[in-house]
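Working notes, structure below.
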Amino acid sequence: MRIIYKQQTMNNNRRDFIKKLGIATAAIAINPLEAKNLLDTSEPKTTNKPIVLSTWNFGLHANVEAWKVLSKGGKALDAVEKGVRLVEDDPTERSVGYGGRPDRDGRVTLDACIMDENYNIGSVACMEHIKNPISVARAVMEKTPHVMLVGDGALEFALSQGFKKENLLTAESEKEWKEWLKTSQYKPIVNIENHDTIGMIALDAQGNLSGACTTSGMAYKMHGRVGDSPIIGAGLFVDNEIGAATATGHGEEVIRTVGTHLVVELMNQGRTPQQACKEAVERIVKIVNRRGKNLKDIQVGFIALNKKGEYGAYCIQDGFNFAVHDQKGNRLETPGFALK
């Protein structure tokens with residue numbers, strides 16, 4: 001009886017392989033990557049979890065905070081909120097939260113969004129006087145029927161939830177703004193001080209993904225300007241069946257391609273996180289060139305993570321880096337870039 005069972009199993013496996021081979025052969029002309037996945041008969045790889053990724057070198061410190069949650073079996077959602085809050089609280093980080101550079105009117109306006117494993121999302125944009133927009137975004141997600149609040153409405157909601165109203169313009173940021181007023185030249189600088197939006201994505205021990213993204217936006221922007229960071233699908237996107245991605249750099253260029261949604265969809269089609277980030281950047285490069293803009297004045301970087309804990313990153317030009325924390329430790333990595 002045991003021998004017959006083994007023979008039946010072998011026959012079933014052979015039939016399954018032949019079936020896969022036929023489907024994959026037909027798929028090659030349409031999508032080689034999908035065909036490769038169909039032919040893959042190897043055992044599933046061990047998932048690298050928990051793991052957290054974040055943008056730029058200040059991500060190293062943010063990762064440490066996130067890891068305190070993940071290493072104890074905590075949720076990815078709690079980890080990403082705690083991680084980016086650390087950067088929001090730091091007045092020396094001039095592009096996020098307290099101490100962020102103001103707009104051209106001298107007003108510090110903050111953007112943030114958060115997304116969990118169940119497609120729950122919350123976002124705030126152009127919000128003033130609240131140090132931790134990421135936590136307000138989470139409150140929008142958990143305590144309102146909406147997904148985004150902006151401006152005075154976001155502030156009113158934050159105050160109703162017990163958040164403290166504060167002056168976010170530090171003496172150093174105010175001094176720089178007054179110097180800028182002498183010329184009022186507006187030209188965002190690529191990779192300025194290696195600081196920009198902090199985006200963070202994480203996979204917890206339960207295999208669930210979440211992400212967070214927060215920024216004070218471009219320095220000396222027009223009042224009311226909103227970039228990609230608070231926009232789900234642009235600055236951040238999470239699909240718990242596939243993976244997560246977040247972006248940094250010139251938000252207008254990310255918005256044009258709905259960049260992080262594109263990265264996750266490319267992973268859905270079979271690309272690795274690295275391949276997906278590279279292809280998304282290449283699409284932005286193509287669009288920038290088509291619009292006749294100077295690519296040297298533009299930076300966009302993506303980081304991505306899939307359900308296996310595999311990750312990748314890519315950017316337009318040299319200068320971007322990202323932080324990774326997993327069981328191997330916390331480290332800074334430099335991705336490939338398109339503009340050589």
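Any Cβ shown, glycine's included, is placed from N, Cα and C.
Fair warning: this is a prediction, and the values are worked out from it, not measured in the lab.
For reference, Swiss-Prot has these:
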type     : residues                                                       : note
SIGNAL   : 1-45                                                           : signal peptide
ACT_SITE : Thr197                                                         : active site, nucleophile
BINDING  : Arg225, Val226, Gly227, Asp228, Thr248, Gly249, His250, Gly251 : substrate binding site
Check: Once near-sequence residues are set aside, which residues in the chain of Gly249 (substrate binding site), 6 or more away, have Cβ atoms under 8 Å from its Cβ?
Finding: Asp196, Thr197, Ile298, Gln299, Val300, Gly301, Cys315, Ile316, Phe320
Check: Under 8 Å Cβ-Cβ from Gly227 (substrate binding site), six or more apart in the same chain: what's there?
Finding: Asp111, Thr197, Thr215, Gly217, Met218, Gly235, His250, Gly251, Glu252, Val254, Ile255
Checklist line | Residues satisfying Cβ distance under 8 Å from Val226 (substrate binding site), sequence separation of at least 6 | finding: Asp111, Ala125, Cys126, Val150, Gly217, Gly251
Margin query: Within a 10 Å radius around the Cβ, which one of these binding-site residues has the most neighbouring Cβ atoms: Arg225, His250?
Written below: His250
Margin query: Given a 10 Å Cβ-Cβ cut-off, pick out the one of the recorded positions Thr197, Asp228, Thr248, Gly251 that has the most other Cβ atoms nearby.
Written below: Asp228
Notebook entry, point to check: Taking Arg225, Val226, Gly227, Asp228, Thr248, Gly249, His250, Gly251 as the record's substrate-binding set, what's the max Cα pairwise distance in Å, rounded to a whole number?
Noted result: 16
Checklist line | Mapped DSSP class for Gly227 (substrate binding site), helix or strand or coil | finding: coil
